[in-house]
Amino acid sequence: MKKFMIVFVALFGAAVAQESFKCPDDFGFYPHDISCDKYWKCDNNVAELKTCGNGLAFDASDPKYLTENCDYLHNVDCGDRTQLEPPISTPHCARLYGIFPDENKCDVFWNCWNGEPSRYQCSPGLAYDRDARVCMWADQVPECKNEEVANGFTCPAAGELANAGSFSRHAHPEDCRKYYICLEGVAREYGCPIGTVFKIGDSDGSGNCEDPEDVPGCEDYYGDLDLKSIRKSELLAGLQGEGRKKGTNKGAAASS
């Protein structure tokens, strides 16, 4: 009982010390001593305790304490400020604010703002890495099940394909535009540029992206889309991009 009272008094004393925070200056934003999602707002030398949104933390990196900024937890170095408000969850959101992986699909993640989730999906062959919080090759994401990597496609065994070496290309069984690349036995899913489909090559494990009319069985892949206009617009966009780069280089050279 005596030990309990000592602990209680110590905690009560720490709480009182925090609640009686004295502003170092007339105006500013100061981190809470023990909570990462709380901070003090000082206005005219009067302190007000504030709490960031659930899933956000107070960014105390401004040495002048003039910035009021709550950011995603993973973006803030909390240091010794380890306490957080209990999580408030909604469907797909572990907290009201944050970026969270999907519960079932490793290539899907959710960006949650005030409990409202927005769904994002990685490009073919990629999966959401929970630590780096970016899309990476699916085979490099530990949480990705084997059957989810490249949709369960299995690369040929070493030496099974003649003249293929450690690198080979393979058609997707259902989608003309997609194909797999096997690199040292690891399968990764790719997609051909819009307007083209994957054509199996003459030798085992080879192939390239070609016009649909040149690939038997994939002639109608794009339906009624005007592929000539699509290719022309992409070509023009590429030429304009090159023109902008050249113009930028000329401007840089002239200003130096």
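Each residue, glycine too, has its Cβ placed from N, Cα and C.
Quantities reported herein were computed from a predicted structural model and do not represent experimental measurements.
The signal peptide feature in TrEMBL is assigned to 1-17. Positions annotated as domain 'Chitin-binding type-2' by TrEMBL: 20-80, 90-146, 152-220.
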DSSP-assigned states of the domain 'Chitin-binding type-2' (90-146) in counts, ordered helix, strand, coil:
3 helix, 26 strand, 28 coil
Residues in the domain 'Chitin-binding type-2' (20-80) per DSSP class, helix first, strand next, coil last, are 3 helix, 24 strand, 34 coil
The correct DSSP tally for the domain 'Chitin-binding type-2' (152-220) reads 4 helix, 25 strand, 40 coil
